[in-house]
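Asker: What follows is a single structure, and I will ask about it in a moment.
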Amino acid sequence: GEGSYGSVSKAKNKATGQIRAVKSISKAQMKNLDRFRQEIAIMRVMDHPNICKLFESFEDARYLFLVMELCTGGELFDRIIDAGHFTEVQAAICMQHMFRAIFYMHENKICHRDLKPENFLFTSKEPIEKCILKV
């Protein structure tokens, strides 16, 4: 997929066979590269079921690459639009997942600063009751 800073592709680890998401982020689009590197360092230590895991990062002259957990279920925003509305149970499940992630970040003195439905991803295309929501 495409985003404001770059693109996301699937990649396969040749040694393990695991499929990951690789974010390619243009350095030219970044206002503060050092601050972004600090954010990467924070992401590296985050370990929670409702936070998308960063496995590794590397860079070349033009791009930063983030190798992350692959979430194939799409954005919370798109699920809301497609469904028109959620049941109370579905909304409660989503809120619980979001609050668990936010609580974990706050416990670790981290503030996300860009919480919105587009930044929450489902782990699969299964019904909400059967998948995990991650930030």
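Quick reminder: no glycine exception, Cβ is built from N, Cα and C everywhere.
Pasting the relevant annotations from TrEMBL:
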- 1-135: domain 'Protein kinase' (DOMAIN)
- Lys23, Glu118, Asn119: ATP binding site (BINDING)
- Asp114: active site, proton acceptor (ACT_SITE)
- Lys116: SUMO2 cross-link (CROSSLNK)
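Context for these features, please: burial, neighbours, distances.
Answerer: The number of other Cβ atoms within 10 Å of the Cβ belonging to Glu118 (ATP binding site), over all protein chains shown, comes to 12.
DSSP classifies Asp114 (active site, proton acceptor) as coil under the three-state reduction.
Other Cβ atoms within 10 Å of the Cβ of Lys116 (SUMO2 cross-link), summed over all protein chains shown, number 11.
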Asker: Taking the Cβ of Asp114 (active site, proton acceptor) as centre, how many other Cβ atoms lie within 10 Å?
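Answerer: Looking across every protein chain shown, the total is 8.
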Asker: Roughly how wide, in whole Å, is the group Lys23, Glu118, Asn119 that binds ATP, by largest Cα to Cα distance?
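Answerer: Binding-site diameter by Cα atoms for ATP: 16 Å.
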